[in-house]
Structures are given as structure tokens and as C-alpha cells.
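This report concerns only the one structure given below.
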Amino acid sequence: MRSLYCGEVNESHIGQEITLCGWVNKRRDLGAVIFLDLRDREGLVQVVYDPDLPEVIKKANTLRNEFCVQIKGKVRARPEGQVNKGMKTGGIEVLGLELTILNKSAPLPLDSNQVNSEELRLKYRYLDLRRVEMTERLRFRAKVTSAVRSSLESQGFLDIETPILTAATPEGARDYLVPSRTHKGQFFALPQSPQLFKQLLMMSGMERYYQIVKCFRDEDLRADRQPEFTQIDIETSFMSSDQVMEVTEKMIRELFQELLDVDLGEFPRMPYSEAMTRFGSDKPDLRNPLELIDVDDILKDVEFKVFSGPANDENGRVAVICLPQGAAKFSRKGLDELTKFVGIYGAKGMPWLKVNDIDAALSTGVEGLQSPILKFLSSDEAIALLKRTNAKTGDIIFFGADQYNVVTESLGALRLKLGEELDLLQGEWKPLWVVDFPMFEEVDGHMHAIHHPFTAPTNLTAEQLEANPVGALSDAYDMVLNGCELGGGSVRIHNQDMQAAVFRILGISDEEAEEKFGFLLEALQYGAPPHAGLAFGLDRLVMLMTGASSIRDVMAFPKTNTAACPLTNAPGKANPEQLRELGVAVLEVKKAEENKDEEQA
């Protein structure tokens with residue numbers, strides 16, 4: 001039906017007759033002459049109808065925005081003074097000779113001249129996707145997946161599909177369950193990841209596997225979360241963690257170079273403990289110059305118990321953030337608002353100190369400083385603080401003093417807030433690897449895996465691990481870019497005794513382990529090779545690379561924040577006959593109980 005895409009017409013086609021198909025993006029009637037901007041996936045081109053063809057002009061007069069049309073015409077150079085340098089096809093236009101209306105369009109429920117609500121955009125997603133911005137993002141996504149496949153396949157990776165209907169496994173979020181008609185009362189689960197299947201593929205001798213795969217998690221949603229999302233899933237045999245990081249870093253660097261013309265350079269590596277101590281996050285945004293600075297040793301002897309208490313507690317922490325030239329940026333009201341903000345993360349307050357004259361302060365320890373806590377500090381302590389933070393005139397210092405996790409999380413969140421709101425971010429791209437994660441964390445007396453229960457410890461036997469699980473480090477690694485976790489992976493457990501030990505540490509009984517993971521434990525008996533892998537969030541990667549504010553803007557048909565689809569009205573009620581065939585009964589849940597479940601979640 002067409003000989004060219006609209007956005008591909010250029011000066012080399014001048015004098016040629018061509019056929020175009022697309023949508024009327026804009027129509028301008030200048031009396032005897034009608035101008036159309038015709039749009040397709042590749043872009044826009046200007047079409048001109050002049051009075052020499054009255055029948056065609058008559059038909060063109062009936063056109064409205066979003067009519068779907070076929071146009072035959074002759075390419076010509078635009079008249080002098082009418083060239084549009086801001087348009088890819090701005091040097092030419094098409095003289096319309098024939099016009100076929102393929103389909104008319106009703107008035108659009110979306111307004112292209114204003115910002116439409118998220119709900120409306122998702123309800124009419126097929127119209128929202130016609131916008132150039134959305135088309136470009138989906139095109140870019142396709143380029144990413146193509147480049148990923150090319151990179152991995154050039155390194156010997158095989159694209160192998162794994163099941164979508166599988167068994168439930170404890171991976172941290174709720175499963176989406178699918179009732180079985182042939183096995184009444186039993187359920188499949190949609191996979192939260194292909195984790196166990198890709199490990200089994202390594203035990204099958206596949207050695208290098210990848211898959212661009214859908215995953216499903218029934219969890220509370222945020223801007224970068226969806227109930228169904230796409231992973232770039234990778235697993236290898238006979239590779240160390242260093243080698244896996246090299247392979248996947250190479251892929252990401254090639255991706256940015258090819259699609260964005262950006263050289264990310266070599267990714268630095270940072271231990272988890274350093275990331276938490278310096279930045280208050282296991283996915284630090286290195287564009288932000290602010291850091292958390294420990295001052296426990298300076299304040300452990302002050303009379304102010306808010307400081308000396310945590311400073312002398314092995315589980316406590318006293319740390320500060322020094323904000324350059326921040327003293328004048330915050331009134332008392334502004335400081336109160338920041339105090340409320342850190343309170344969200346458990347902080348009971350946020351003392352502060354303004355440096356009005358650093359020379360006077362370093363001389364006296366008192367003069368040149370402004371703070372409600374100044375009376376609790378000796379001259380030596382104040383001077384030591386200023387030297388530790390390298391404070392200058394005009395700076396402000398924010399304090400955190402509490403249990404280690406509270407201080408780290410609250411100051412880490414404050415660091416991000418200040419960096420974004422005060423435009424402190426430096427550079428466009430700052431990648432890194434975070435390594436040496438703890439293997440477990442203890443919550444309410446129970447051990448939980450930081451990553452997942454199939455992650456191997458670093459240089460420990462099963463006996464050593466069970467003797468001191470809290471002190472164990474995992475052979476895991478996360479790739480972080482601009483404060484977002486792009487991907488995470490680890491060396492896997494390939495020894496049955498080690499896997500059984502991890503299950504015991506996590507409180508999984510032998511009976512439960514056999515019921516849920518018996519197939520894995522058995523497979524580990526038959527010469528399972530050392531193996532490791534990593535998974536990238538494709539949606540998040542494309543979101544970062546395109547500058548989108550949400551992963552919903554880089555997915556064709558995403559769900560809302562309530563995991564619903566306004567376009568198809570999913571989820572919906574099932575047909576009673578279908579429920580009978582499945583042996584499923586729907587209980588009526590009162591609203592109060594639903595709210596209680598949400599709060600507990």
C-alpha cells in the first residue's frame with residue numbers, strides 16, 4: 001500500500017511519485033491550498049493540495065485529525081523561505097495527486113494539546129501510543145532488545161525459553177496463582193523469575209543461557225514497579241563472579257555506546273558496607289557529591305545524650321551531612337520540614353549547625369556558628385566536627401543520631417532529597433558495581449536471605465556458614481546506575497549440603513524443603529557445575545536510557561498503580577461456569593479486611 005515511510009522522504013526523492021500511508025497529524029486550510037502533516041511510525045511529512053486538482057481538494061477538505069489515509073503524490077523541494085530545519089523532512093514536500101480515506105476518526109478522547117491524566121492515557125493506550133514521544137520510546141526499547149541479543153549471542157549464549165506455568169517459590173513477593181482445571185484444588189504460579197529453571201539448565205550442560213522474559217510479582221507498586229515486567233535473564237557455567245560482571249558490563253557499555261553514543265568507562269566496584277556507610281544506600285547515586293560522615297568518636301563524650309548515647313552503642317551511629325553553601329537556603333520553617341521528612345524513616349529529630357564564619361569558628365569553636373545544640377559542644381568538639389566535614393563559610397551540617405539503620409536510612413534519604421531538589425547532581429551517567437553483600441539479615445529473630453536462598457556464600461563451607469550466618473558475605477553483585485539497580489546476580493549454590501544448610505538457616509524445615517525444592521536438591525546430586533548469573537530489569541534500563549519518569553512510559557500496555565488495566569478492565573470477574581470447572585469458590589471479603597491485608601502487606 002505504500003512505497004515509503006513518511007519520515008523517510010528526503011531530497012533524493014525529488015521528482016519521484018510515491019505512495020504514503022498514515023494519519024493526519026494536522027490540517028491547515030489556506031483557502032485555495034490545503035496543507036497536511038501526514039504521520040506514520042517514522043515521522044512527519046508535509047503534503048500540499050493545490051487548486052489544479054479540484055476533486056482531490058474537495059476530498060481533502062473533509063479530512064480531520066487522525067483520519068487514516070493513503071496519499072499518492074510527487075516529491076518536490078519546498079519553496080525558498082519555507083524550509084523547516086527543525087523537521088527531518090523539512091526540506092521537501094509532497095504534492096498530493098490522489099487521496100484515499102482508509103478510515104475516518106471520531107473526535108479523540110485524548111487532547112494532544114494538554115497533559116492527559118494517567119488513567120485516561122492507559123484507557124486509550126492505543127491512541128496515547130500514537131504520540132511521537134511514545135512511539136520513539138517503544139522503538140528505542142526494540143533497539144535495546146536487539147542489541148542485547150546480538151551482544152550475548154556473539155559470546156555464545158543460547159536463547160532458551162522457560163515455563164510460565166510453574167510452582168510457587170518463596171522469592172520475596174506474593175505469587176500470582178493460576179488454578180488448575182485438571183488438578184482441582186491445586187494451583188500453578190506465574191514465575192517471579194526463571195531462577196530455578198535457569199540453574200537447572202546449567203545442570204543440563206547448556207553453559208550459557210539468556211532469555212528476555214516476562215516475570216510476575218503481586219506486590220505494592222511504585223513508579224518503577226509493575227505486576228508483570230521484563231527481565232534480561234542470564235546464567236553461565238564455569239564462570240566466577242568477576243567473569244560474569246565482565247561479560248554483563250561489556251554488554252551494557254556496548255549498549256550505551258551504540259544507542260546513546262555514551263562511553264560509560266570502566267565500572268568501579270564498591271563493597272556493600274562502604275555504600276551504606278558513605279551514601280546510606282545499597283544503590284548509591286554517585287552523581288550526588290554529598291556523603292554521610294561518621295562522627296561517633298568526636299561526640300561520644302558530650303553531655304548531650306542524643307549524641308553520646310548512640311555514639312557509645314555498638315548498634316548506634318552518629319553521622320552528618322555537610323551541605324556546601326546550604327546555610328542560607330533553609331529558614332527555620334524549611335529546617336522543620338526537613339526534620340519531618342527524616343521522621344518518615346524513623347529519625348526522632350535532626351539537629352543542625354550553620355557555619356557563618358569558618359575562620360572565627362576554627363579559632364574559637366563557638367563564634368561564627370549557629371545552632372540550637374551549640375551549647376552542648378566544647379570548642380574542641382566543634383572544631384573537630386568542622387575539620388572532619390571540611391566545612392566552609394555558608395555550609396550547613398545535618399546530624400543523625402540513633403540506631404545504625406535509622407541513621408543510615410534517614411540520612412541516605414535526606415542526601416537524595418537534597419541532591420535532587422538543590423540540583424547538585426554532577427554528570428549524566430555514574431555506574432558502579434556493589435559487591436560483598438551480607439548473606440542474611442535478622443528480622444524479628446528470623447533469618448532472611450538478602451538476595452535469594454540460592455546465592456552462594458563467599459569462601460565458606462556449609463559448617464562455617466551455619467556456625468555464623470550473620471557474619472557471612474554472599475558472592476553477589478548488583479549493577480547500579482544513577483541510583484537505580486539495573487541488575488543483580490550472584491554465584492549460585494551448586495552443592496547439595498550447602499543448599500540444605502541455607503534452607504535450615506532460613507527456618508525451612510527438611511519437609512518443606514523437600515516439598516518445594518526437592519527437584520533442585522536432587523539435581524544438585526548429579527554433578528551440578530559451578531554456575532552464576534544475573535538479571536537486568538529491561539523496563540528500568542529503557543526508562544533510564546530514554547529519560548522517562550516511569551517504567552509505564554516505556555511499556556506498550558502497562559498496569560496502573562493498583563495493578564489494573566483501564567483499557568481491558570482487567571482484572572474482572574470470572575464466569576460462574578468457569579469457576580465451577582476449576583473447582584474454585586470466590587469468598588466475599590469485607591472492605592475492612594481488605595484494608596487490613598493491605599496494611600499488613
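Along the chain as shown, residues are numbered 1 onward.
Just so you know, glycine gets a Cβ as well, placed from its N, Cα and C.
Residues or ranges marked as site 'Important for tRNA non-discrimination' in Swiss-Prot (evidence: sequence analysis): Gly81. Long-range Cβ contacts of Gly81 (site 'Important for tRNA non-discrimination') within its own chain (separation 6+, distance under 8 Å) are none.
Counting every protein chain shown, 19 other Cβ atoms lie within 10 Å of the Cβ of His451 (L-aspartate binding site). Residues or ranges marked as L-aspartate binding site by Swiss-Prot: Glu171, Arg217, His451, Arg492.
Annotation comment: Swiss-Prot describes 195-198 as region 'Aspartate'. Sorting the region 'Aspartate' (195-198) by DSSP state (H, G, I as helix; E, B as strand; all else coil) yields 4 helix, 0 strand, 0 coil.
A helical conformation is recorded for Arg540 (ATP binding site) in the three-state DSSP classification. Arg540 (ATP binding site) has a Cβ environment of 21 other Cβ atoms inside 10 Å. What Swiss-Prot lists as ATP binding site is Arg217, Asp218, Glu219, Gln226, Glu485, Gly537, Leu538, Asp539, Arg540.
Whole-number maximum of the Cα to Cα distances across the ATP-binding residues Arg217, Asp218, Glu219, Gln226, Glu485, Gly537, Leu538, Asp539, Arg540: 20 angstrom. Under 8 Å, Cβ to Cβ, and six or more positions away along its own chain, Glu219 (ATP binding site) finds Ala173, Arg174, Arg225, Pro227. Per Cα geometry, His451 is the residue among the binding-site residues Arg217, His451, Arg492 nearest to Glu485 (ATP binding site). Neighbour density at the Cβ, taken as the number of other Cβ atoms within 10 Å, is lowest among the binding-site residues Arg217, Arg492 for Arg217. For Arg540 (ATP binding site), the nearest of the binding-site residues Arg217, His451, Arg492 in terms of C-alpha separation is Arg217.
Here the binding-site residues are Glu485, Leu538, and the one ringed by the most other CB atoms within 10 angstroms is Leu538.
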